Amino acid sequence: MFVNEVNDVKIYNLSAGKSVPDWLTDRRKRSQLMKKVDSRRQIELIQDFDMPGVCTSIRMSPDQQYILATGTYKPRVKCFEVSNLSIKFERCFDSEVTTFEVISDDYSKMVFLQCDRYVEIHAAHGRHYRLRIPRFGRDMKFHKPSCDMFIVGVGRDIYRLNLERGQFLQPFETEASCLNACEVNPEHHLLVAGTKEGTVEAWDPRTKQRCSTLDVAIRLPGVKEFPSVTALKFRNGLHMGVGTASGHVLIYDIRAKQPLLVKNHLNKLPIKRLAFNPAQNAVYSLDEATLKLWDEQTGKQIAYVESTTSFNDFCTIPDTGMFFLAQEDVKMLTYYVPAMGPAPRWCSFLDNLTEEIESEVVENVFDDYQFVTAKELAELGMEHLVGTNLLKGYMHGYFMDARLYNKAKAVVEPFAFDRFRKDKIRQEIESERKSRLQIESKLPKVNKELALKIMDEQANPSNSAKQRNVPNLLEDSRFKAMFENTDFAVNKEAEEYRLLAPVLNRLDKSKAKELKKRVEVARVAELHEEEAQQREDSDGDDDLFGFEKSDGEKDDSGDEASSDDDDRKEYVKEMKQAYKQVKRQRDEEEEEEEDDDEQDAPETIAAPQANGKAARPAANGSGNRFTMTALDPHKGSSALQQRIKQATLQDRVRVMTQLEGQVTNVGRSLGNRQMTFEVNKQKKSQYHAKKREAELKKHREERRSIVRPIKSLRLKKVNFK
């Protein structure tokens with residue numbers, strides 16, 4: 001049993017507790033339950049209250065003597081008798097059940113709506129009749145005065161199946177494109193249907209006509225799209241609850257179009273089911289993630305139940321504080337909330353037990369079994385056990401015996417238990433030890449500086465009302481571990497902290513500066529009072545003192561401006577230093593990693609060259625030297641760039657001298673080295689340039705061979721007459 005307390009309301013989970021692995025035989029399960037003391041104390045309210053795979057819906061019979069639940073796999077219905085606290089019968093179906101209705105006081109008459117459009121009618125002995133509807137159904141309700149079964153689903157029609165005559169009647173045609181839910185008022189038998197368009201249509205079964213249409217989606221604040229209506233429930237003859245796909249619950253008086261209250265679940269999940277508790281003026285609203293209990297008048301939350309998987313359905317026992325939950329899991333959950341009402345008559349012993357029950361922590365491991373992943377198994381050196389009966393494969397790991405796990409852990413870490421034992425003893429001694437000096441505001445052992453800042457802010461609150469109303473973090477139980485557990489200690493050596501250190505120092509300096517300004521203002525006020533007294537004593541010096549005062553004010557303002565500039569310059573300087581230190585440390589770590597890599601792999605590929613060779617720095621006793629290693633020209637370009645950037649200029653000069661001879665000596669006073677280089681271009685552009693140059697060269701040779709030399713021309717004398 002697990003006890004959870006929300007808003008001073010205790011919620012008892014009667015289904016919680018340690019579970020036994022499924023692969024164990026019944027005999028071993030019983031033997032383990034007999035051995036374990038806490039297992040003997042575990043409360044199993046109803047025996048075998050579970051499903052093979054998933055539970056889809058759950059109901060309570062009108063006489064409150066039977067609990068009926070449907071689930072998979074195979075699709076089935078289970079009936080539990082509360083007088084015996086055990087299962088009464090179990091039946092299987094051909095397809096999964098969408099919803100079902102109990103149309104008699106006990107289990108003798110039931111109607112099941114299935115996902116393949118079939119409707120099955122069951123009697124006490126089993127299936128009585130089976131028929132099919134034109135479209136897929138989503139919900140159905142029974143109208144007792146006319147013996148009609150109203151079925152809604154995909155389509156605009158509300159199908160009417162008369163169970164007395166055994167035939168379909170003329171359906172009601174709505175204005176909607178699809179219907180999601182329906183409900184019949186238990187007092188005046190008004191039929192309401194929730195549509196996909198966010199409206200609720202009311203029909204009178206006596207006149208077979210639509211009475212009115214209620215637009216629900218238009219009343220929701222802050223909703224961009226019109227959500228569909230997914231759940232309906234009547235509290236009495238006048239009040240109705242409406243659940244939408246956007247996670248809103250609206251309480252209506254059917255005589256008005258304005259809602260009395262709008263409750264938002266704040267998770268944008270569709271509301272699956274609603275229920276009312278008239279004795280406590282409470283509303284139960286269920287979505288996929290949570291079941292919330294809240295006040296009907298104010299909307300204030302009373303309690304809530306969070307899901308570990310996904311909730312599908314729930315049902316309450318009238319005039320009691322117990323309810324059942326169907327979820328996407330094997331177990332069907334049983335909860336008991338004493339604030340919502342007493343325990344049912346068939347389990348009245350719960351009222352006495354809840355007074356003595358204390359909170360327990362639910363363990364995530366099976367009894368005597370420990371879950372280990374493949375990585376943990378490798379760390380323990382037990383990979384050879386894979387495939388044996390000592391390991392049971394489950395999900396992404398294995399289950400193994402807890403005793404074997406503890407032995408292996410002790411061998412791998414022989415001093416782990418001693419360290420744990422010493423820490424526990426030290427914690428107990430320190431908790432029992434009392435300080436000789438009882439200090440009113442005692443500092444914690446972890447994050448003392450942070451605690452001092454918080455205490456200072458609490459002692460000297462700012463002028464804003466928002467900061468004055470902030471709770472004290474030292475007294476808040478949510479942040480208790482931050483000042484007790486060393487895992488939450490502020491690491492001042494981390495890069496993030498060192499980058500933020502100048503900002504924090506500036507904030508501290510600004511606070512100190514504000515304090516200094518306050519002191520100076522107080523001192524100036526005292527000086528002004530003294531000067532005023534002096535003026536009264538000597539009237540002739542008023543102008544002089546006034547002139548000196550204005551100069552003093554100007555000087556003070558100038559000093560303040562200069563001090564602000566100095567603070568800003570100092571802040572920028574500190575930020576630059578912090579970034580330089582972080583960058584320097586990163587470079588040192590990268591160099592150390594490179595040295596380690598070079599020592600481990602001396603034949604590391606480095607810079608590619610045209611002749612298929614490469615140059616790389618080798619770490620040895622004579623300093624950084626470069627050797628030649630083969631390299632694939634299509635690989636290592638990015639690694640080459642990184643190495644060239646990290647190498648010094650001297651190393652770059654030596655490499656270029658050895659490989660290409662592009663560095664030459666020149667006789668200059670400003671430098672005796674000259675380096676020639678080419679800008680890296682794409683291979684395609686280089687190829688085209690070389691091709692163009694070859695074509696021009698060929699063209700010049702052709703022209704040179706065709707053009708005749710000038711010596712071959714002979715000049716002849718021409719006589720003009």
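Yeah, the Cβs are placed from backbone N, Cα and C, and that goes for glycine too.
TrEMBL has this to say about the protein:
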{"type": "COMPBIAS", "residues": "528-537", "note": "compositional bias 'Basic and acidic residues'"}
{"type": "COMPBIAS", "residues": "553-565", "note": "compositional bias 'Acidic residues'"}
{"type": "COMPBIAS", "residues": "566-577", "note": "compositional bias 'Basic and acidic residues'"}
{"type": "COMPBIAS", "residues": "588-601", "note": "compositional bias 'Acidic residues'"}
{"type": "COMPBIAS", "residues": "682-691", "note": "compositional bias 'Basic residues'"}
{"type": "COMPBIAS", "residues": "692-702", "note": "compositional bias 'Basic and acidic residues'"}
{"type": "DOMAIN", "residues": "476-503", "note": "domain 'NUC153'"}
{"type": "REGION", "residues": "528-637", "note": "region 'Disordered'"}
{"type": "REGION", "residues": "681-702", "note": "region 'Disordered'"}
{"type": "REPEAT", "residues": "172-213", "note": "repeat 'WD'"}
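Sequence-distant neighbours of the domain 'NUC153' (476-503) (same chain, 6+ residues past either end, Cβ-Cβ under 8 Å): 444-447, 449-451, 571, 574-575, 578-579, 581-582, 585.
Within the chain, the repeat 'WD' (172-213) has long-range Cβ neighbours (under 8 A, six or more residues past its boundaries) at 138-146, 148, 150, 152-158, 160, 226-234, 236-237, 240, 242, 244, 254. In terms of DSSP secondary structure, the domain 'NUC153' (476-503) contains 18 helix, 0 strand, 10 coil. For the compositional bias 'Basic and acidic residues' (692-702), residue counts in helix, strand and coil come to 11 helix, 0 strand, 0 coil, using DSSP.
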